[in-house]
Amino acid sequence: MGIQENGNGGVLKYNRMDSDGMKEDVAVLCEEKRNDMSSRKYVLVCAIFASLNSVLLGYDVGVMSGAIIFIQQDLKITEVQEEVLVGILSIVSLLGSLAGGRTSDAIGRKWTMAFAAIVFQSGALIMSLAPDFKVLMIGRFLAGIGIGFGVMIAPVYIAEISPTVARGSFTSFPEIFINLGILLGYVSNYAFSGLSPHINWRVMLGVGILPSVFIGIALFVIPESPRWLVMKNRIDEARLVLLKTNENANEVEERLAEIQHAAGHVNAEKYEEKAVWRELLNPSPGVRRMLITGCGIQCFQQVTGIDATVYYSPTIFKDAGIKGNTQLLAATVAVGFTKTIFILIAIFLIDKVGRKPLLYVSTIGMTTYLFGLGLTLSLLGNGSVGIKLAILCVCGNVAFFSVGIGPICWVLTSEIFPLRLRAQASALGAVGSRVSSGVVAMSFLSVSRIITVGGTFFVFAAISALSVAFVHKCVPETKGKSLEEIEMMFQNRPQQGGELELEDVKHLMQTQ
């Protein structure tokens, strides 16, 4: 009996210990889950606020497509002035992008975003009050500089605060907000088109000032980049930021050590601004591969004609046979909704499927729809079938752009460069994007008069086909790798662009 009691007692004791251990394990898992959710929400808020400047760029692109119709009526500008007014913003923005790298290294990523917003809003105010074309161009100049700062720094900041596992999704946020801004611009065009031509375009441009309120709030919410803080030897502050943004508190010290190691090269070799640009202009083989990938994908994003499609969508639909300004602007709203919906889809796929598979799907899809738009405008214009096909092809083109090369372009350029070069190299990539955008926007109407609108889209289709080959040859997969691992990948081995990893293909097939 006693032995039985002791035996039973032993069993009971063993069961109690096992139960307590399980409870402790469950408690630990629950706590880790809560920490994970808390850090993800914090990074999500930071990414949203950091992306607000991108709303300004998108809104300007979207609203100008309709406002230019009424500016032309009110200020009696020529077609050449129309092209310059539309395209100069992208050209001028390269000044902001070039200065953005140095500025963000000097005053920090956070305050560079604030400066970008102030400059843009000044330009938007001047444009909305402009009495003539010259004053309008001054406002456009300031808005372009502000946009240059904003598009360069937001992806860099988000990449530097995001956990590795979700970096692709969070770094896509600026592109999401660009698309949201475009949609808001289209809706603004449609909503205010009924006002008099002297007033409506001013209201359309003036509404772009409103996001400044939210950007002001953002400065009190978002932290500084931990990598910038480490570069400035503010280690304790960087640790506090990592504790808020890292999904696993146990990894914070490890991540901090990696960042310090990467930043140590900056301090040890005393990299000054001239030294950074010297390395970019005379790069090592690894940095050269990074530059080809980063700048190349930025240029292909624009030379495939996305800004021409967005800026001049009323012209495209008019060539297809749509009559009346209200109908033209209503059709553009459908384009804006399509871009916004598909960029949201990209958010869910980019860290699951990977960068490269989505780029393949995107560039091949764009090539198909650009070619289809060229055929439609060349053979089926001014009929109901031609109008429907034109809208379908434009929406298809922007859909495939938004699900792939649109957001992934910014993800890649913010994650492939080493810490010491990241700001300046990202600025260089943004310059390539802005120059390409400006050239396309400033030449579209003139080229269309020479080879027709349909012929112009055949050219865009050919360039898009080249982008497929570029992705195949020059773009590696960076999904799931830390920023420091990506740097070592470029530095330690030649870039293998030939084949998709088997795992990526399986992910893509499962998604489809």
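Glycine residues also receive a Cβ, built from the backbone N, Cα and C atoms like all the rest.
Within the listed segments 235-262, 291-318, 431-458, TrEMBL records coiled coil for the stretch 235-262. Restricting the average to the coiled coil (235-262) gives a pLDDT of 77. Same-chain residues lying 6 or more positions outside the transmembrane segment (199-222) and placing a CB less than 8 Å from one of its CB atoms are 45-46, 49-50, 52-53, 55-56, 59-60, 63, 66-68, 70-71, 74, 110-111, 113-114, 117-118, 120-121, 124-125, 127-129, 185, 188-189, 192-193.
With a cut-off of 8 Å on Cβ pairs spaced 6 or more residues apart, the transmembrane segment (42-72) and the transmembrane segment (170-187) reach 3 or more such pairs and are scored as touching.
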